Every structure is written in C-alpha cells, then in structure tokens.
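Listed features, source Swiss-Prot:
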{"type": "BINDING", "residues": "Cys297, Cys300, Cys343, Glu350", "note": "[4Fe-4S] cluster binding site"}
Amino acid sequence: MEGMRRPTPTVYVGRVPIGGAHPIAVQSMTNTPTRDVEATTAQVLELHRAGSEIVRLTVNDEEAAKAVPEIKRRLLAEGVEVPLVGDFHFNGHLLLRKYPKMAEALDKFRINPGTLGRGRHKDEHFAEMIRIAMDLGKPVRIGANWGSLDPALLTELMDRNASRPEPKSAHEVVLEALVESAVRAYEAALEMGLGEDKLVLSAKVSKARDLVWVYRELARRTQAPLHLGLTEAGMGVKGIVASAAALAPLLLEGIGDTIRVSLTPSPKEPRTKEVEVAQEILQALGLRAFAPEVTSCPGCGRTTSTFFQELAEEVSRRLKERLPEWRARYPGVEELKVAVMGCVVNGPGESKHAHIGISLPGAGEEPKAPVYADGKLLTILKGEGIAEEFLRLVEDYVKTRFAPKA
C-alpha cells in the first residue's frame with residue numbers, strides 16, 4: 001500500500017524498523033508519572049494493545065530513571081516487547097550516566113537540542129548522551145521543538161536576518177532556527193561517530209502550514225528518517241483535524257517514517273485515542289491497513305429512514321468486535337472494505353467498489369437491498385432481517401476471501 005517514499009537509512013528501535021521501505025510506524029507517549037511503575041506499565045500495555053508500535057515515556061528525575069528497568073521487566077513478563085523511548089530534557093546526561101540499567105532498558109533516547117543547557121555546557125551534555133548511546137548501540141531521536149529553541153541560536157539567526165537587504169519576518173526566522181537546531185545536532189552526532197542507522201530526526205511546531213515547511217526542509221537537508229507530529233495539536237475535533245491537515249501533505253509526498261498524534265485527551269477519553277487517530281490517518285491515505293473499513297453515505301432527503309445509519313454503526317461495531325479473531329485466522333483481513341449505502345443514487349456503485357456492500361432502499365424506493373461482492377450482484381435482501389443477513393454475508397465473505405492458502 002506504500003507509495004513513493006523518501007529514501008532513508010533504516011533505524012531499528014528495538015525490533016521495529018523506522019525508515020527505508022518499512023511501514024510508517026505509529027508511536028504514542030504515556031502521561032503517567034514514570035516513577036509510578038504500576039500505572040505506567042498499565043498504560044504502556046494499553047497503548048501497545050491499541051496499536052502503538054513504539055511508546056515514549058518521560059525520564060525526568062531519578063525516581064523515573066529507577067523505574068524504567070522494572071517497567072521493562074513487567075512488560076516482558078506479559079510477553080510484550082514494545083520498544084520504550086526515554087524522553088530527556090535538562091538532565092538526561094546526568095541520568096543516563098548515573099543509571100546505566102535505565103539506559104540499557106530503553107530502546108531509544110530522545111534528545112531535545114534546546115534543553116541541553118547553554119554555551120559549552122550544551123555541547124558537553126549532548127556529546128555525553130551521544131557517547132552513551134554509541135556505547136550501548138542505542139538509536140537517538142534528535143527532537144527539536146519550537147517551544148524550547150536554544151535562545152543563542154535564535155539570536156544568531158535574528159542578527160543574521162537583520163543584516164539582510166530584505167529581512168524575513170520574525171516567525172520565518174523562528175522556523176529557520178528550528179530546522180537549523182535539528183540539522184546542526186544531527187550533523188554533530190554524525191561527526192561524533194553515531195551511525196546514520198542510529199539517527200531519527202524531528203522538529204515540531206503547532207501550526208499545520210509551518211510543520212509542512214519545516215519537514216520539507218529537513219527532508220531536503222538530511223537523509224535521516226523523520227518522526228512526524230504536530231506538537232500540542234489540541235483537544236477533540238480540532239486536534240484531530242489539525243493533525244490530519246499537517247501530516248497528510250507530507251505523508252503523500254513520501255516524507256515521514258513514523259508518526260505520533262499529540263492530542264490533549266479529555267477526562268472522558270482514553271489515552272489510546274491518539275493511537276486510533278494516527279492509524280486512521282495512515283489508513284485514509286492508503287499507506288497502511290489496520291482494520292476493515294466501512295464506507296457509508298452521510299444521508300440526505302432521499303434517506304428518510306435512519307436504518308442505513310444504524311446498520312453502518314452496527315457493521316462497524318461487529319467488524320471491530322470480530323477483528324482480533326479474524327486477524328489471527330485470516331491474513332490480510334485488515335484490507336476488507338465494506339459499503340453501507342442509503343439509496344439508489346450512489347449505493348450500487350459504491351457497493352461494487354467495495355469488497356462487499358449493500359445498497360439500502362431510500363425514500364419511495366422499492367423495499368429491497370441488493371448486496372454486491374467483488375463488484376457483482378450477490379443477492380437481494382428483503383424484510384425485517386436485512387441487518388443480520390448482511391452481517392452473516394460479511395462473515396461468510398471473510399471466511400472465503402481471506403482464508404489461508406493451502
């Protein structure tokens with residue numbers, strides 16, 4: 001399902017490959033205090049079971065550092081080998097040096113070049129973290145963020161901009177500084193001897209247009225696999241739409257090797273929502289398939305009944321319910337496309353484009369529902385049992401279409 005991808009080295013984070021021709025990986029991050037081993041382990045398991053292929057956790061103090069090996073041990077005891085990424089700011093060099101078991105337990109280090117200190121201390125702290133990564137054979141994500149830019153670098157670029165015949169806006173210079181911060185750290189790590197197969201790069205902002213510009217620049221200036229994400233995307237529909245709007249143009253250009261959707265969860269929503277949204281973005285773009293899809297129309301004046309809406313909802317629920325068993329028994333079932341349409345205008349055509357689809361009668365239409373499979377009329381359903389009959393047909397189709405080859 002992959003389109004043309006920007007060529008990069010492959011970086012292994014644990015057993016998960018990032019970059020090259022490998023599928024775009026979905027990441028997430030815990031929001032529990034890492035020092036709370038029980039809560040953090042439970043959330044990592046929850047995120048992983050929802051589909052997160054890599055999970056990041058903050059390592060912000062000594063108690064968090066001490067907790068990491070035990071979190072890893074408990075995950076392995078559950079048979080879960082999801083890679084863990086340590087997120088370091090301000091004191092990462094100290095923690096990695098003092099707690100070697102923590103460093104060994106992590107599968108990748110995230111280093112923010114804007115939170116390493118100032119002046120020569122910044123370079124020393126960065127070099128120490130890179131040396132530890134090299135000694136342990138760990139990959140590193142150099143992750144810059146416009147909310148924590150190095151003020152010295154920003155001042156340097158602002159001064160340079162002021163001497164231009166036609167200075168750029170302050171906002172443009174901030175974006176340039178963000179890219180420069182990431183690229184300089186990337187080049188410094190390479191000069192220290194960290195291999196290209198151990199480096200991932202990111203530079204995050206909170207506006208969609210800015211993110212597209214920044215990542216096009218990173219793609220132009222480096223060969224590194226890129227971690228995409230709109231930082232502080234926000235809550236609910238706004239956060240989902242902003243993330244999709246920011247990531248889609250880049251992904252369609254072949255830019256991006258792993259993604260995270262940084263939603264602010266509402267108190268009523270699970271942390272796994274960000275994983276679900278990331279998967280939906282990749283699936284909507286045709287880049288990966290995680291679960292069967294249901295295509296359904298929005299309804300109009302021709303669809304006076306809510307039956308097609310109820311059926312679409314029930315089909316979606318049933319597919320989600322059956323997916324764990326289907327995935328184990330029927331390879332490729334994630335590619336399944338089901339159509340539930342509300343009237344004769346687009347119903348038959350959309351149903352023919354799906355693997356299996358039903359075109360329900362609209363207002364004033366004859367009370368019958370043709371079902372199509374692989375583009376051909378399979379049967380016509382009538383009466384009160386249309387919903388259950390269609391669900392049975394979907395089940396039969398899966399068993400036939402996706403049965404393992406003998």
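Cβ coordinates come from backbone N, Cα and C, glycine included.
Here the Cβ of Cys297 ([4Fe-4S] cluster binding site) has 22 other Cβ atoms within 10 Å, regardless of which shown protein chain they belong to. Note: the [4Fe-4S] cluster site is recorded as Cys297, Cys300, Cys343, Glu350; in the same chain, Pro298, Gly299, Arg302, Thr303, Phe308, Met341, Gly342, Val345, Asn346, Gly347, Gly362 also have Cβ atoms within 8 Å of that site's Cβ centroid.
Counting Cβ atoms from all protein chains shown, Glu350 ([4Fe-4S] cluster binding site) has 19 others lying within 10 Å of its own Cβ. According to its DSSP assignment, Glu350 ([4Fe-4S] cluster binding site) is helical. Most buried of the binding-site residues Cys300, Cys343, judged by other Cβ atoms within 10 Å, is Cys343.
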